[in-house]
Structure formats: C-alpha cells, structure tokens
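Asks: My questions will all concern the structure given below.
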Amino acid sequence: MTHCAPRFQGEWVWVDSGIGVPIGARVKLTDTGHQLLVDDEGKEHKLSQNEEGSIRVMHPTSVEGVDDMIRLGDLNEAGLLRNLLVRHRQGIIYTYTGSVLVAVNPYQELPLYTADQVRLYHGRRLGELPPHVFAIADTCYFNMRRHNRDQCCIISGESGAGKTESTKLVLQFLAAVSGQHSWIEQQILEANPILEAFGNAKTIRNDNSSRFGKYVEIFFNKDGAIEGARMEQYLLEKSRVCHQAMEERNYHIFYCMLAGMTAEQKKTLCLGNAAEFVYLKRVILYIFLIKDIFTEYNYVTDVLFTTLLGNSAILNNMESSDVSLSNHFTLSANLLEVQPAALAVSLTYRSFMTNRERVSKPLNSEQAADSRDAFVKAIYGKLFIWIVGRINSAIQKTPINGPKYVRNSIGLLDIFGFENFDSNSFEQLCINFANEQLQQFFVRHVFKLEQEEYTKEDIVWRTITFSDNTDTLDLLAVKPLNVLALIDEESHFPKGTDVTMLNKMDQAHAKCNKYIPSKNTHDMEFGIHHFAGAVHYDSKGFLEKNRDALNSDILKLIDASTNKLLRQLFEKERQVSTLSGQFRQSLDSLMNALSKCQPHFIRCFKPNDDKKSMVFDRNLCIRQLRYSGMIDTIKIRKLGFPIRHTFKQFLQRYRVLLNTTVCDPKTVRHLQRGFERLQSKIRGRLVRGHYLKELAAAVTMQSQVRGYLARKSYKSKREAVTVLQAHTRGMLARKTTNKMKTDVFLSAQEREARERSAAELQQRLEDVLSQSQEAAAKPEPVSEQEMVETMFSFLPNKVAVGGREGPAPEGFEDLERMRTIPEVIEEIPEEQPVVDYDDENEEFSFTKFSALHFQGSATHSHISQRLRQPLLFHEDEGDALVSTQYQASSETITEEKDILIGEGRTLDRPISDLEKLHIIVGYALSRRDIRDEIYCQIIKQLVNNKNQKSSLRGWVLLSICLGIFPPTELLMQYLESFLGRGPSSYGPYCAERLRRVVANGERGEPPCWIELQAVKTKKTTQVSVALMDSLSVSLPVDSACTSAEVCQALAKKVNIKDIYGFSLYIGFCEKVWSLGSGRRHVMDAISQCEQEVRRKGEEEQHAPWRLYFRKELFTPWHDSSIDAVSTDLIYRQVIRGLKSGEYHSEKEDDLVQLAAMYYYVTFGSAISGENAKKVVEECITTELIETKSQGKLIQLVNAAHTQVNCYSQVRSTDSVKGDVVDYARQKWPIYFSKFYEVTQMSGPPLPKSNFIVAINWNGISFQDEKEKKLLELSYPEVTGVNKSRYGQGPVQVFQKCILISFLPSFFSSFLLLGSNFFSKNSTDIMKSVSLATLRGQFLLQSVDAGEMADLIQLYLEGLRERSVYAVALQDINKQGRSITMNHLITHLTDGEYSPDRGWIKGTNERTGNTGAISTDTVLVLPTLEKPSDTTLVRSPDQKKTVAQNVHEREERKPFNKSTRNPLSLLFQLQMEKLWAASKEPIKQPLLKSLVGNTDLSHLAFFLLSLTFPSPILKYMGDYPIKQVRQPIELTDQIFGPATQHVPLQDEVYCQIMRQMTSNSSRYVVDYGWQLMWLCTGLFPPSQTLLRYTQRFLESRPREPLATDCLQRLQMLLRKLPPHQVEVDAIQQNSNQIFHKIHFPNDLTELFEVTSTTRIRDLVRNIAYKLILASADGYGLFMKTPNKVDFNLEDQNYFFDSLRQTTDQPKKTKKVREARKAPATMPYLVIFMRKLWFNVTPGRDLTSDLTFHFPQELPKYLRGYHKCTKEEMISLAGLLFRVKVDTDRSQFVMIPRMLKELVPADEMKTMSPEDWKKHVISSYNKQAGITLDEAKVAFLKGICHWPTFGCAFFEVKQTSEPSYPSIVQIAISKQGVSFIDPKTKELLVMHPFSRITNWSSGSTYFHMTIGNLVKGNTFLCETSLGYKMDDLLSSYVNMYEMQRQAVRPRNNSMFPT
C-alpha cells in the first residue's frame, strides 16, 4: 500500500464515497501547497494529514481502463465499477471480464452493427479485436463448428439493460454468418416482434420491458447453416393483464390492435380507444406496430378482446353478486361464443361436490371480480403459449433425417435479471430462484475456466474452497420442506391460506441463516438472503397465484363454447399443476440443456434509470455488478493467482531491476528466453517422467506382442515346411516308382535290339553326312527356282491333287460330275541374294538367344562341321541323343537312327527328300522338347550362310516345319524377330505360317503332298468341298487349316445361318468319316489317306480322297424354319440317304411318307404316274424296289401324295422340306449322332466294359459294336457331367477317326485309320468323363473324353436355358407358399423375375401356387417336354450329387477363389455364418453398435430398409426382384439412409462385403463389386472398419474393380446417393465417366468427372483445358425446365449437385407410382462467367470470344444498358460484321436483322431505312477487321459503361413508395443498383458493405439495408430470387476472401 505524498502530484488514487465503494480521484496541488482530490464527478475534496495516510494509489490499468477487466490491477468492486465508468464516458459500451461480456446500454444508436462489423468479427478469436457482442456470437458459432458441441449464450440483466436487443443482435449475426440466406432465418428474426407485442410492456424502468423469459435454440446443419429454431417461454407476468402499477402499461398488443383497426372494425366490436377499458385506462394509447402473420386472425382478435370483461361491473348484492349487463359484457360473451347468462353464472357462482350432490355457492362481488380476472389472465396466458407454439411450428423444421436427428445448436437465454422491488410477490420469488440457479451455473463455469487456465500453464495450485449459493438453493427447492414445496403443499389444501403457508415456512426454516422469518403473526412478509442481497417478499396472494387454476364452472363454460381456438387453448387444463411446479419443471429442463452446452455469458447493464445517454449512476451500476455475479468472479480470481502480467507489462513494471537503461521489449529478449528456458525445464521434467512411465509400459507390451507374433510365425512356417516336405517326398517316391516300372518293362532283349538299331542308324547318318560334306565342297551357282525344283523333284509337274484318280465312295458317285479340282497356281519367285543377319542391336535377336541358351562354344552363325552336342540343354537323355544324331541343315538331312525300335523301315536304300522331311517332323511331333533344337539348328545354318543353295534349302525346310509345329515360348519372340529380317521371298511367308500354327495348334501328322506342292509355290491351295445339293465350293486351305475354319468359310459363302451340326467329312476309297467342325486339321486327314495309300504300296499323290459338307448333329431345340438354306441341304442329304440306303427303316410307311413329301416339293400338287415313278426311283433303294413291285410303290406314293396335298395346300415347299428334316430327325436320331469309343472304369454294371457312346438330340445311348443297346438315357436323367485326367498310357500320335460306312450294318464299318509311325515312343494323358445320372454315376475313359463331355454339357445347358420345368430339391415354405421336395414346378418366363439374378417365377403343378423361387432350391430339368414322374424323384445322394455338379459348374466360371462358398449351394450342413453370403434376409443389423442401442432407435426405419428384405440382396440378385424396377431405385434405398446417418455407413460396407464372401455366383459377385464401387465413392468406413475393408480389397487383386475401389477409398462424404449416370456407368463396366459441358457460344465439350469431383475442381479443370487466364469468376450453372441457369456451389460434389437439382420431388407422385425409380428432369450444365471483376476486353481472347461476348450481347439487345445513339450505331456496325463478315450482299437484310443489331427499346427511334444507312456507314468505317476483332471491339465499346458485367433482374416492389412498382435490379462488383426500367436512371446504389442480410424464396427476394439494429427492408416479387441470392452471396464472399488475404495477423508477443 503506497501513501499519497506531494511527490505523487497528478497521481490517481482511491477515495471513499457515500455509496460504500471507493471512487477515483486525482491528486491536485493548490497554489497554497495544500493537496486536493478531484474525483471522477469533478468535485474537489480537501485532505487532512490524517486522511492522507489512508488514501490508496490507483493502479495504472484502472486509470486508463482495459478491454478485459481480469487484467485490472485493482481487482475489486471499485476497479470494476470505475473501468465501466471510464469506458462509458469514452463511448465504449462493451467490456470483457475474462470470457464474460459486459454490455452497458448506451441509450443511443451507435455505428457498431453494420455488415462490415459482422464481417470484421467473423472468424476472429476472442480478444483479438475490441470487445463486442459479435465476438461472443462468433465464438459460439466457431466452437460449435470446430468442436461439434452445442453452445449456449446466457444474456441477463435488469429490465431496460438491453437483453432483448443483445439477443436480437446475436440472432442477426448468426443469420448473417451462417451463409444460408434462407427464409427460415427471416422467420426467426421476424418472430421477435410478435413475441414482444404479446410479452413486452412499458414499465417504469423500460418502455419495452420483456415480461417473460425466453430461450431460443437455433439449429445448424453440419455445414453451419441455420435449418430451424425452437423457442421456450418462462413465467409470463399474467397479472399485468388485469393490474398495472402507476405509470405502467398493459401488453403492447392491446394498443397495437386498437391503433391498427379501422373505424368500421371498432364499431363492429363496440371499441373505442384504450382509455375506455378498465384494464387499459391507466395509460395513454401506446402505439407499437406489428404485422400479424396468423391465419387464425379472427380467432385471435376474438380472444384478445375478452378484456372487455374488465368493463363488466360486478354489483354487490348482500352475500352474493350480480353482473351488470352491458354492451361490453354481451359482446364478450359473443366473442367467446357462449351464452351471456351462462357466462354471468360462471363468474358469480362456484359449484362444488358434497357427499351426495353438487352444490352452487354464490360469490360476493370481490370474489366474483377475482374470478373474472383469473378467467381473463388464464385466457391471455394460454394464448401466449399457443402463439409460441405456432411460431415453433413455423421455424422448427424437422430434418429429413428423422425427428430425433441430433443437430448442433446455439441457445440464447434472454431471461429476467435479479429483482428486488419495494413490494416483491410470488413472481419475484420465482424469478430470483431462476437467477440463483443461473448464478450457481455461472460460478461453477468460471471456477472451471480458472482451473483450466492453471492446468494450461502447468501451475501447481491447491484446491480452492469457494462457497457458492448452494445453501440458498437448498432452502428454496432442494431440502425437504423447502419453500417452494411448502407453497405447493399448502396450495393443494382447500382451506390453505397465505397465513398458514407463512407459519409453516417460519416453523420449518426459522433456524436457517438464509431465511428471514416474519416479524410477528400479523406481518405477511418473509425474507431470503440471495447471492445479490436480502429480499423481502409479501406472501399475500401467493397461493392464488401458485394454484393458477380456474374453477370448474368456468371450465364447463369453455367446453360449451363453439370458439375453436378457446377450446384448443384449454385442452390440457385437466392436468392440474401448480405454477411453481410448472416453473420448476421448465427450469430443470433449461438447466439440463445448459449443462450439456458450452456456455457463454453476456451481462447487460443499464447506466441509469432515466434512459439518458452518457449518464452513469454509480449506485445502480454497483448493484447490478453484485446481482450479475461479477463480484464472485473476482473472488474466485483472488483465491488463486490474481496478478497476471503479460511480458510487456512485467518488463515495464520491473525495469528498474535491469542493469541497463535500455528497456525495449523487442531488444531485451534474454529475459524472455530465460523465462521460457525455466518454464521449459519444469515442463520437460514433468513430461519426461510421464514419458518414461509410458515407455516402460510400451516396452512390456511390445515384448509380449513380439513374442506372441514370433511364436505364431514359427508355428505356421513349421506347418508349411512339413506340408512341403510331405509333398516333395511323395513326388520323389512316385518318380522313382515310375522309373522302376519302366525299367521292368524293358527287357534285356529289347534294350539290346534298340542299341543295335541305334548303332546302325548312326552309321548310316554319318555316311550320308560325309557324302553331303563332299558335295558341299564343290558349290555350283544355282538359281532359287532351280533349287526348289530340285528339292521337290519327287512332285510331278501336274498332279491331280485330291484323288482325281480312283472311284468316289459308295453313295457319292453322283457328286463327282459337279466336282471342281483344286488347283495350285505356280509362281516363279525371283532370285534372292544371301542376307547378312546382323541383329545384335535388336531386343530379341538370335545372337542374344544363342549367347544365353547355347551350350559350350556354339555360336549363332553357320558352320560346315557336324554338331558334336546339342545346341540347347536337354534333361532327357533320349532328346539329347536324337539332337546329336543329325545336323538339321539344308546340305543334308540324315536318317534318324532310332526312329522306332523294331518297327522302323529298313534303310537298305537311300532315303528320299520326303522321307527326310518325315523324319524331322516325326521327331518334332513325338518329342516336344527337341522342337526348339530343330529350329535353332535350322536358323544357325541360315545365319551368314554364303552358300545360296544351302540357304534356300534351309528356308524351305523352315517353312515346312513352321506349318507343322510351333516353337516353345522360350524361342517364339526370337524366331519372330529372325523371320522379320528374312528375305522377302520367304520371311513374310514363314511368319504367316508361324502365326497360323500358333493360332490353330500343332499338327498330328507329317506334311502331305498337297501342302508340299503349296510350299513349293508359297501359295494357298484351293480345295473343293461337295455339298449335298450336288454343288461344289472351292475354298483356300493351308497347313494349319481346321475343319471349323472350312465349315465357317463354306457357310459364309453359301449363306448358311444355322451352321450348328454341320461337319466336314472326308471320303477315302469306300469309307467316309467325319472331321467334325472343330480344331481337327484338314491336312492331317489328307496325310492319313496318303499314308494308307503308301502302306498299300501305291504312290501318295494318287490317294483318292474327297471332302463333303454334311449335317452330323441336331440340337434338341432345332427349328427348321430359321434357315431355309441349311434346311434345304439337310433335306437333300436325307433324300440321298434314302436312296443310298444310309437311312433305312423297317417300316415301309416311313419311306413312303418321305417320298410323298419329296413328290410335293419336286412336282407340286399335280398327280402324275410318270412323276411318281421318278420319285420312287430317286428316293427308294434299288433293293426295296426289287423286293416289292415298282407299281405298288408308285401306288403307295400317289396315295400318300394325295394326303400331303390335303394339308399342304397353303404351305410352301420350304415348310415341307422342314417337315422332311423333322421327320428324319424324329425317326432316326441314331443316324445324326456323335460316336465315341469308351471304356467303363466304374459305375453301374453293364454287359460290356468296352462299348460305344452315341450322343444325339434325343439322349445318350450305350451300344456295342453290333448295335445292341446296353443303356439309354434321356437328358432329364443326366444330372451332371465332368471331365478329368485319368492316368498315363501309350496313345497314338495321330487322331483316331471313326469311319461311317454306308453299308446296311451300321456299326460294322468302324475303322481306325492311322499309322503306327513313331507311336511307341510317345505317351499322352488319358482323359475320362464322369457322367452323373439318376441310374448311377459312370466313369468312362476315352481319347475324346473332353469333346464328349463338352457336347453333353452343351445340350444340358441349352435345354436348361429353354426349359420351363424344374423339380424342387428341398421343402420350401415361404411367404405362405409351401413346396414339397420332388414336386414339379413350371417356371414362368413373363419377365417379372430375372433368372440371371438367381430367382424365377414358378407354379407348383400339384398345388397351383405361384411365386418367386430361388434357383438354388430347385433344379431346372433339361427338357422341352413335361418330364415323367420317374425323372422327378431324387434320392438324397442324387440331390447331393446334383448340388456338387451345380457347384462345380459355377466354379468353372472365372472368378476369385476367395469368394467361393465352401458349403453346397443347395444343402447347408452347418449353421449359417454371419460373415458368409446368404440369400435369406437378415433380421437385424450386423453391427452390435446398432442392435439394441436406444440412442440409435431413430434409425429403426432405415435399418428395416436394409434388412426386410435388404435392397443389397435385391440389387445383387440374391433376392427376387421384378425387372421393371430400375437399379437407381435400389441404390437409393441402400445408400440414401447411409448418406444421412453416419452410423449406418459401416453397416452398408459390412453387408456388401458379407454378400460377396463365399458367394458362388459370379453374376452376384459382379453386382456386389458394383455396389462396393459406388459405396467407396460416397463415404469411407470408420477408422475401426477401414483396415478390414482395405484388406478385403487388397486380397482380391484379380477383380477388375478392386484396385479402383481401393483408390476411391478416401475420406470424402457425399450428401446424396449415387446419380443415375454413376449407376449406369458401373453397370456398363465403365469406371470412367464423361459429362457434356455447354458454353455460352453454343459449343460443347466432354470432360471427365468422377464420384469425388467437386464443382470447384471441375471449374478449374475446364479453365485449364480452355487455357483461360484464370478460373476466378467462372462457375457452373444448371438449366432445367423449372429454373434458368442457377449456380452450382463450388464446395459441393458434382453428382450431388446434379442429383439434388434434377430429381423430381416424390410428394406429387401417386401411390401406384411410388415404386418406380425417381424421374429425372432434363438439364444442361453450362460453364460461364459469373463474377465480372478484372475483366479487360482484349487481354484474354479465349474468354472474350467464348464467354464475355455471348454473355453480354443478349443484355445489350434487351435494352438493359443506357447508351447514346452514336454508340448504338457503332455497335450495330460491329454486330452486323459479326453476322455477315465481308458479305456486302446482306445489306438489304439489315431492316430484318435490326433485333439482332439494336437494343429492343431503341429500334423505333429511327426508321428501318435510317438504321440501315447508319449501320452501313459504320460497317464501312470498320473495314478490314476480322470476326474475332469485331467481337472484341464490341466488348471494348461497352466495357466503360457502369452497367457492364451486371446481372439484371426486373422485380415488382411495394417496400419503397418513391420507387416505381417495377424496378430493375442490377448486381455487379460495385454493389446492388436500383434502376428505373423506363428511364434507365439510377435510383440508388447500395454497396455490399451496407447490405446486412438477404434471403430468397420461390416468389420473392428480401434484403436488409443498413445496420442490424435499425435497417431498411426491401421486399420484392420475382421468380429469380434464387439467382439474386446466389450472385449477392458470391460477390460478398469474393470480397471477404480478398479482405482476409490482405488482413494483417498480429502474431507478435508485443503488439504495437
């Protein structure tokens, strides 16, 4: 404490005052040397020497005043009071006390609430700017957005302190910064005047005093925009309706209604002015204008003017009373819609129940008056509650996510402050009780903040024990027999009075120090010590006010009323509750809500009671400080560390301790560094100790986890090694066993014979090699043609290729006369020089191959010596031996020594060139591993070979080999590269042969003569194929040509559409056999024929082979009417077969019927004996004609022909041919069969194990070689077929072909062709067919097992696709429909359900029930006819086999193995697994967090949409769905709830992944991946599920969408389900989407968009692609039929914006249309300039031509701009040039083009001819400029106009009388301009800084101009309000971003 002394002259000190709080004064020294004190009021005080010692010096902070009173050095009441005084005198009304804002009512308007102030405080931290109510509001908003926590702001203070205005300012600030600018914000703001009208009144202290408490809760969505509000009212002062104090008034609404009514309305209601009413006559008329928004206006006025009852006099009549009848009383009864007599009785009598009856008791005049007043107060109180409810119904918007959707909110509590009047009643007790609750809440919050501050600074402090007002609250409402409880208790006693109540309170709380009892028995007052001081309450009337109930007579009167509103107000009146009980319940609810929020406080003070500005009443303000709890804040601060200096303050205060006089805080940094070092040391020690503890715990956990993982890894590796070892040992053992078996088979004699044969062969090969080397030593020049002729000397110059010699097979002689002979065109190639192969620089050069793979020192180039070892390494010794026994060169081709042990030719003569080729090719066909060796030796001898003869022979040999067998993958690319560098005569030719042999596979036979002749000429051979109609077709073939290619080429040439079943046949001698229509090589068959001829000792070139094209097989669903060409060929084949005896029947009638049909086709319906004779000769076999007489046959044919005419009169010959084909197909299925030799390995016993399987359209037949049927199976009896490898064994290299003979004995003609050449050295893998039938499972072994299985499978699948019959495999009881196992089901194909999705619509043949059936529970029978009962009965084992076969069939489809279901598709042997796919809908969510969670109960409806049944199952096809439903409807059901409810998002992920796990249907899994792709583009899984989802996607790398889904799995959050475009794209297996963007110049371009593309990203991408200078100012707009060019918000996702805008609302749809997918309206997406700033024509040519010109031209032509005549003429000339360029012939069209050249409103200012003259003149002046230059010149001509770049809107307004009714609004970068559309004069221009708020609707636009306290409202009618709203927001946001970009941030510790 420092004492005042003369040396402190001018110092400020504290002096005592009469108010009990020191005031400030300044020390002044007089001329006489005495000290004076001049206080804050300017009064002087003399000081004696004794008084000088008690004066305290004022802290500097108290002298100047501070923004935050926590920083005051004098932290006491005096310091706080003087700080408020100093700032009040400075005109500063806001001050902080920590985070609490103190607001002093200035009683004047201040420029503190403009739009600039809103933007200034938005986004700034508390304390960064001077104190302001906007700072508190922005803190609430910021904390709510950042912490996702509800906020509340408690605004308290006395009446007249400005609570209501502060509340409105906070509301307006939140509405301004939320960015929504919607009508809901305006509704919230406009609700305040209504509540003020009904709940505010003039009092002594305040002209607009709120007589109720109000809590406004404003709801915000996740984007921070206001989406609704809710209001609660507390304790309306109803007594004011009937009684007001002197100089006070009733509620504003009464005066407003009287002032606003017309004279007519007043006359109707018998009203005058306010002075005529008893309830209103105490005051003069107070006019307060409001706008009524209620639809029930008449009802409200009727109820309001029940105050006329106050004018009804109550006459005293002894112990009773009467109502004086008057006009006012009668009118009141009429308004209440009750009888006047009944109203009078209810007011003057009271009835009650006795023991037996109801008794009425008259009331005296005083009681009747009280009853009347209670009735009026009750009506007004109920009406006020009803009004609040109606306001809530308008502003409280239930979100679409559900009524219990949790939203963030900010609550504003505007509640009455602490009250202490001269006479305090029950209302004051309730008010002060509420303030006690709020005070405790406030103190605890301040105490909590204090603790957080110490914790933040790491200050160790002891716990502070602070006494709050708990005792007072206990007295009032907590302890038993508390004050409010006693009042309630006494209120329920009929005989309870205020006196008895007071006595009970005195007795119960006399000893309580917070309670002040009454002084004596006659005293009706009691007192309570509140936190703000003692308050005495007058208990008179407590019980009556607390009961707050009407008597039963009045309630009955209300029930009898016909006034709807009156009855509605008192609907809940039967629930009797005291006023204190209601208030306590509301207060508890309020405190509970506040406790869940982060609170903020605004304490409102009024400086004086006279409502004068710049007047500060100390007594009033100190009392408010105490009432507001600010003193308690100081007490808490003092108990801790009250002194808190900033570093700057600390340095200035203790600068004297420095050793230097320099005291600049910017240079003296060592103090700060020292302080920081000390602080860091302390903090570091604490942090290190905590870190060491955590480290020890972490090390322990890591050691345990690592040990566990190591043990687990070791165990798994050990098990894996054990498995590998077991398999390896087994493999080695099997290999050893096989070798031992082989060694046993080879006897000693065989080994000796083989060695001897090999030695002889080796010797002969060496002799031939030596001879060839000698010949090579004498090279002679020879031409290529001579060399080729020499090589192919064994070929004749002219040869009848294809067997011109020899007879044709029996039955085919007639086709010979039409046969064309295949010819080979010889071509003499030019001589080619020897090519030098220098290919070392190529990637796949043979040089590199030789360096990598050749053994020893072998090189890649030609050598003359013989190879001593193979070029390549061979594991097999036999391969290595063969490779060294010859040198595959063109000089010599030596004989193979070990061709075939014991069966080879005897080499007692020189072998021919053809035999040499056969040796080499034979080795390659029998030993696959030496093929690369052969090619390498040939290529090696070709590289750099200078001998032309040798080189040519090598190329010929290479070309022949390339037509027979391909190399391995190892040599393939090197060989292709070598051929690419070969000579032009052989390089391309060999490359093509290589391509063909790779495509069609290797050959099985050596080359034949016909292909050698083709190699000689390097041309393809033309072969002739005979058709059954005696025509012959020539087709080109080569060495690799297959029967399938020949059949396809022939079908294309003769125009056959239905080609199935047609095969290529080859005829040889008397035999004809099928080559099929598959991969069999045609040249192999020809080679077999030549070998057979050579075996007989004849020359190969004379082999008599023929090729035929015939029908071999029919499908079970064959339709002869499909293809007339194929039907005709089959018809011809049948007729020829009848004649030749190929098709024979035991029934004579069959042949006659076919002959009759032939008769009709050939000769028509005419009957002739000669014709009949021809028919018999052409159709009937000679044997049958000889057996029966020809005449009898002719007679039978004529009779049959007559019958044919009867039913064929209107039929065409094509249909009759079809009948012939169908007849033959039905009668002789065995003749149209595929035959296979098989051996039965297992299965049901048959008479023979070796037999023939015949497969045709009718079924499968097992027959022996004598045509005896062993077993016949129909296709419904076959349940499955599989092919598998059976074992190893010797097979023949060459194909076994079954020859079909045409002798009477059908099967006796089977002949196996083929040579045993090289056969015993070759092995192959035998295959088997597993045929599952109802009679058992057959395992059949066959060479053609694969072909046989494929054919059966083809027929089974084809029949199932076309079948409508199925059999139930299990009992089904679902949705009221039961199906028993083995029942026949007829499957309906009406398109309602999709079989591809796993569901069919079926009818039970026995019960007739129809419904959806899963394809997994039934087996579709492969039949086109209704099956017999025997085929329906299936045993459990058979059903299991069926299930396995179906499962195996599904597994053959390519899909990820991880998705396979380990269980049977039809029979689940174990309990269903939750993680595996199931077709049964789940009954509850998968996640436990959603099951039974009460907090998530509001999601029940949406969970049902995912479960009963799940749309996921429907979309994927695991649940039946009608095809009419579109996929977008299902995706909406799946993702719609999840986009709105985050807890559902993980559930969607889990259900999708579950349904794709172990799902055997590839179709279903594909649709599941589509859902996963869509889901990952909408929202991510939670952190808990994220790693599992990533693992799920990573574990399926083969899935096409897995990688894309993994990339899309990012932290995005879409708001809406996928758009139709996204769903369509993924359903088309496209994950790339392009969208069309339109430009103002009518051009369009496609741009790629993704699910994660935001509008701003697309805008930047478009600007980048168009090479614009900048993307700023541009935007995307959407044009729909309902709206014109509305902007898409930058932060929104592109597809969300499209979805939100284009989806039609579903409300208008009919119920029957509700199931359809949402209709999407047409739309256009347009890219154009939105904000016109920094636009300078000519700077960016692309922008000018694409955007600026086409956007500004329409505005100019519509006449929006004000311009001169000269300017219009100049611009018209430019526009004319834009239209016609340099075409002067268009001058005559100018009058017609004026609307495209001149503004619409200026066209009539001159005649068309005058305009034409001026336009031509202007056009000529601008000669020489281009179109683009003209457009830029136009922009330059208008850019200086003030309206350039403006957006114009014509609106209708009534807000401003001085403006015309139609106003043109122009929005530009300068602001909003109002223009007169007729004169184009500017009315006013409002810059954006003056526009505080705006909103829009479908038909209006609203704008507030000025500040938030008192601004002008502009309301206009327009349908383009949304565009004005968006444009205004965009410009304001642009300027705000620019302002923030240049806003200085003060980050220094020492602000200047």
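Just so you know, the numbers here start at 1 and follow the chain as drawn.
Glycine is treated like the rest: Cβ placed from N, Cα and C.
The annotation domain 'Myosin motor' is assigned in TrEMBL to 64-766. The ATP binding site annotation in TrEMBL covers GLY157, GLU158, SER159, GLY160, ALA161, GLY162, LYS163, THR164. Under the heading region 'Actin-binding', TrEMBL lists 587-609. The coiled coil annotation in TrEMBL covers 751-778. The annotation domain 'MyTH4' is assigned in TrEMBL to 862-1016, 1477-1627. Taken from TrEMBL, the feature domain 'FERM' covers 1021-1363, 1633-1939. Per TrEMBL, the feature region 'Disordered' maps to 1434-1457. Residues or ranges marked as compositional bias 'Basic and acidic residues' by TrEMBL: 1436-1454. The annotation domain 'PID' is assigned in TrEMBL to 1863-1892.
Help me understand the surroundings of these features in the structure.
Replies: Broken down with DSSP, the region 'Actin-binding' (587-609) shows 9 helix, 8 strand, 6 coil.
Mean predicted confidence for the domain 'FERM' (1633-1939): the pLDDT average there is 87.
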Asks: Using Cβ atoms and a strict cutoff of less than 8 Å, what residues sit near the region 'Actin-binding' (587-609) while being 6 or more residues removed from its termini?
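Replies: Same-chain residues near the region 'Actin-binding' (587-609) but 6 or more away: 84, 88, 97, 99-105, 107, 133, 136, 139-140, 143, 147, 149-158, 160-163, 166, 204-205, 215, 217, 232, 234, 409, 411, 413, 417, 433-434, 437, 441-442, 445, 615-617, 620-621, 624-625, 628-630.
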Asks: With an 8 Å cut-off on Cβ distance to the GLY157, GLU158, SER159, GLY160, ALA161, GLY162, LYS163, THR164 Cβ center, who else from the chain surrounds the ATP site?
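Replies: So the additional residues around the site are ASN105, ASN206, SER209, SER210, GLY417, CYS604, LYS606.
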Asks: Of the stretches 862-1016, 1477-1627, 1633-1939, which racks up the most C-beta pairs under 8 Å with the domain 'Myosin motor' (64-766)?
Replies: 1633-1939
Asks: Looking at Cβ-Cβ distances, which residues of the chain lie under 8 angstroms from SER159 (ATP binding site) while being 6 or more apart from it?
Replies: THR203, ARG205, ASN206, SER209, SER210, PHE416, GLY417
Asks: Name the residues of the same chain, 6+ apart in sequence, whose Cβ is under 8 Å from the Cβ of LYS163 (ATP binding site)?
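Replies: Within the chain, LYS163 (ATP binding site) has Cβ neighbours under 8 Å at ILE155, SER156, GLY157, SER210, ASP414, ILE415, GLY417, CYS604.
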Asks: With every protein chain in view, how many other Cβ atoms are within 10 Å of the Cβ of GLY157 (ATP binding site)?
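Replies: Excluding its own Cβ, GLY157 (ATP binding site) sees 27 Cβ atoms within 10 Å.
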Asks: Tally every other Cβ atom lying within 10 Å of the Cβ atom of GLY160 (ATP binding site).
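Replies: Cβ-Cβ neighbours of GLY160 (ATP binding site) within 10 Å number 23.
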Asks: Using DSSP, how many residues of the domain 'PID' (1863-1892) fall into helix, strand and coil, respectively?
Replies: 3 helix, 16 strand, 11 coil
